[in-house]
Amino acid sequence: MSFSVQETLFSLLQHNAISGHENAVADVMLCEFRRQAKEVWRDRLGNVVARYGSDKPDALRLMIFAHMDEVGFMVRKIEPSGFLRFERVGGPAQVTMAGSIVTLTGDKGPVMGCIGIKSYHFAKGDERTQSPSVDKLWIDIGAKDKDDAIRMGIQVGTPVTLYNPPQLLANDLVCSKALDDRLGCTALLGVADAISTMELDIAVYLVASVQEEFNIRGIVPVLRRVKPDLAIGIDITPSCDTPDLHDYSEVRINQGVGITCLNYHGRGTLAGLITPPRLIRMLEQTALEHNIPVQREVAPGVITETGYIQVEQDGIPCASLSIPCRYTHSPAEVASLRDLTDCIRLLTALAGMSAAHFPVEPDSGTTQEAHPL
């Protein structure tokens with residue numbers, strides 16, 4: 001049966017997986033990888049790794065990765081009344097929290113709830129126009145009191161996810177929670193399906209990582225075992241085709257996958273990625289040869305695992321492919337199935353290249369003469 005991008009994505013979106021609670025998605029990734037990979041394992045932190053391609057010990061090692069976790073919440077306190085206080089896990093958009101429907105993964109199974117908001121009829125002044133902070137909010141699961149909530153399987157530490165089943169919009173767009181980064185996980189499975197029947201010159205490691213939304217470093221144990229020569233991440237990036245962002249950058253939905261030139265943490269440049277120009281050339285040349293649309297991006301405020309991967313070992317050259325996404329970290333993210341398909345095509349083409357085409361070493365300084373100090 002041929003690989004279906006939409007069916008795979010929608011299947012992954014059915015699962016809930018805040019940081020540190022990725023088991024449901026990990027089980028799917030393990031099952032799919034085991035169909036065709038030469039080697040599959042899950043480390044103690046929860047990362048899922050699948051190896052494809054060359055068995056030669058000196059083969060070039062390309063690592064392609066995406067994270068399984070999504071933004072969400074965690075129960076902090078059960079009030080005597082049965083209402084639940086909670087904390088954010090990762091960075092769910094605070095302006096969309098009040099009034100959202102959520103799913104709690106309780107000890108006895110999923111429990112539906114909603115994030116309460118002061119009744120509009122009694123709201124005054126700023127209460128009608130401003131979003132409350134998380135400490136002013138609560139989750140209502142319909143419990144009569146604290147004991148009732150506990151009987152339902154809820155306790156301190158219960159994970160909470162946003163609820164919004166995937167919907168297909170016009171022009172091959174999809175709307176759902178957790179497109180960040182089930183889009184990337186879908187791309188991994190698409191690449192796995194494509195390369196499983198190819199004769200590869202290199203070894204390809206596909207990695208579904210954990211805790212990206214929480215500490216961005218959950219993938220580190222994989223690096224120390226795989227020791228990749230290059231790494232390419234798959235994640236989302238804000239699409240700037242909406243009325244509020246149309247002047248910010250040229251990244252657009254349905255215009256191809258983004259190639260990151262620069263990203264960094266929104267509160268300073270303490271972590272981020274400046275993609276080596278040689279890797280940008282490799283990605284753009286490969287895309288050109290296979291007629292795959294791509295677009296460059298500079299994305300302050302965006303950070304992925306590449307910011308930490310690049311400084312492991314002797315330095316790991318990193319690139320990041322970004323799937324444009326509207327309304328990021330909200331319950332209703334929107335992205336394009338076409339862009340996702342283009343991402344899979346580009347990564348498959350890269351995996352099929354010979355080792356000689358991968359610029360592992362830095363560019364030489366051939367444009368000016370070097371003099372000793």
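Quick reminder: no glycine exception, Cβ is built from N, Cα and C everywhere.
Now, the feature entries from Swiss-Prot:
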type     : residues               : note
ACT_SITE : Glu212                 : active site, proton acceptor
BINDING  : His67, Asp180, Asp235  : divalent metal cation 1 binding site
BINDING  : Asp180, Glu213, His329 : divalent metal cation 2 binding site
Set of same-chain residues at least 6 away whose C-beta sits under 8 angstroms from Asp235 (divalent metal cation 1 binding site):
Ala66, His67, Asp180, Asp181, Gly184, Glu212, Thr304, Ser320, Leu321, Ser322, Ile323
DSSP secondary structure for Asp180 (divalent metal cation 1 binding site), reduced to helix/strand/coil, please.
helix
Extra residues within 8 Å (Cβ to Cβ centroid of Asp180, Glu213, His329), divalent metal cation 2
Glu70, Val71, Gly90, Gly91, Pro92, Ala178, Asp181, Ile236, Thr328
Fewest-neighbour residue among binding-site residues, criterion Cβ within 10 Å, set His67, His329:
His329
Sequence-distant neighbours of Glu213 (divalent metal cation 2 binding site) in its chain (C-beta under 8 A, six or more apart)
Ile18, Ser19, His67, Asp69, Glu70, Val71, Val89, Gly90, Gly91, Asp180
DSSP-derived structure type at His329 (divalent metal cation 2 binding site), helix or strand or else coil
coil
Around the C-beta of the residue listed as 'active site, proton acceptor', how many further C-beta atoms are within 10 angstroms, looking at every protein chain?
27
Would you list the other residues of this chain near divalent metal cation 1 - those whose C-beta lies within 8 angstroms of the C-beta centroid of His67, Asp180, Asp235 - in sequence order?
Ala66, Asp181, Leu183, Gly184, Glu212, Glu213, Ile234, Ile236, Thr304
